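To start, the structure under review is shown below, and the notes come after it.
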């Protein structure tokens, strides 16, 4: 007996579902494959004088070029609270300011997405603006991002630091590293000089070299007389008389032979 046509469709439906889920999983994997991390850079803290404009600098780095999908959001966490309020959004060249009273009509766009800049300006900053500011950037497919945090302090003009804290820290660090390098180089030079003095085994000519008394040059007749004056009873092998050059010139290694050499046989009695 043949099975109804509808039964075959019901039997095949689980296989079709498994196939559909496999296709969806593969598509999701392709979509998430191109997702990469986006890096945001902000100063850790800044000081702004009361009643003046403050610039919140935010830079980012992305492997993809910016476009219409790139967006920037700024949030604020008031000092002493855990509540975060979004007060500014920028996308497709448009500014979307929130209705949060402390920032109403105060915030303006100061960045350039083509230059990876997401900075903003806040006019007439007051003490109520003390807190932490959060910069969040999305640049699909770079959507995995660690937002940047800025700790902002509004202070009186009289106590405003001459330089930002991060600048002072950088200068101090550079000075310390420079001094350390200089001291290390000086110590290395001193150490090498001391070792070279210890390894040197030379002597002072004026102190350790005693003068050598040169022997007067003998004439041939004097040499013959010396031979004749020896006792006649002894026996000795050939005797060679030579004269050395003690002049100390450039060619001191050359041996200068005497003008005459006398051989004598002396026999013992």
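Backbone N, Cα and C atoms are what each Cβ position is placed from, and that goes for glycine too.
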Residues flagged as region 'Disordered' in Swiss-Prot, choosing from 165-201, 202-238: 202-238
Candidate ranges 142-162, 163-183 [criterion: Swiss-Prot lists as transmembrane segment]: 163-183
Range among 239-244, 245-250, 251-256 that Swiss-Prot annotates as motif 'ITIM motif 1': 239-244
Per Swiss-Prot, the range holding motif 'ITIM motif 2', considering 135-140, 261-266: 261-266
Helix, strand and coil totals (DSSP H, G, I; E, B; other) for the topological domain 'Extracellular' (36-162): 12 helix, 63 strand, 52 coil
